[in-house]
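> I am attaching a structure below and will ask some questions about it afterwards.
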Amino acid sequence: MTYCSKANQPSYPFILPDLPYDKESFKPHFTRETFDYHHGKHHNSYVQNLNNLIKDREELQKKDLEEIIEWSSQNAEVAILNNASQIWNHTFFWYSIKPHGGGKPSGKVFEQISKDFGSFEQFCAQFKQEAVGQFGSGWTWVVYHDNKLQIIKTSNAGTPIVNFMKPILACDVWEHAYYIDYRNKRSDYIDIFIRHMINWKFVEDNLIQ
């Protein structure tokens, strides 16, 4: 099963994927510098680390990224798991946002949110509570699991796909995602994420696939 074809990569050597938008396009909410560091340095370092970790592991070089995540999670290969997961998580995150995004969704996503959370406002409140409340670095996710939407948190490089949960939205709450522009104000960052950044088309595509 492929959880997200846009986040997956077919085989070694893995590459840093291009951003699906210009780095300047999130102004005034985020500066180019944030994307230069977040994508060009942090995300890229995970790609380089994983390639170095498996450069002599022919059995792993034939696997796609999601297969490496699954295999390493089952075989206590922590360094491989952490770097592979962070490549996948970040790529999924880049598609979870778009310039001039956010606001209220429509269609199937809005219907499912209303069904599972009571209202869009309640969903936003719970999402913000979970994201702001994540202790230390990690991720906040919306997943479709057990026939309903759920908001979950993962610490550090954790990813829901190791628990066979289907992610439909990711929010990076590592400090490097927002510290250049928002310093320690994670709450402000989450407000901007919800109001101006969520790519609801990507969310809907994940939900209905």
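Count begins at 1; order follows the chain as displayed.
Just so it is clear, glycine is given a Cβ too, placed from its N, Cα and C backbone atoms.
Per Swiss-Prot, the features are:
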- His38, His90, Asp172, His176: Fe(3+) binding site (BINDING)
- His38, His90, Asp172, His176: Mn(2+) binding site (BINDING)
> Sort out the sequence-distant neighbours of His90 (Fe(3+) binding site) for me: same chain, 6+ apart, CB within less than 8 Å of its CB, listed by position.
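In sequence order, the residues whose Cβ lies under 8 Å from that of His90 (Fe(3+) binding site) (at least 6 apart) are His39, His42, His43, Tyr46, Asp172.
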> What is the total of other Cβ atoms whose distance to the Cβ of His38 (Fe(3+) binding site) is within 10 Å?
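Other Cβ atoms found within 10 Å: 24.
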> Applying the rule Cβ within 8 Å of the centroid of the Cβ atoms of His38, His90, Asp172, His176, what extra residues of the same chain belong around the Fe(3+) site?
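The surrounding set, listed in chain order, is His39, His42, His43, Phe93, Trp174, Ala177.
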> Far apart in sequence but close in space: which same-chain residues, 6 or more away, have a Cβ under 8 Å from His176 (Fe(3+) binding site)?
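Same-chain residues close to His176 (Fe(3+) binding site) (Cβ under 8 Å, separated by 6 or more) are Tyr37, His38, His42.
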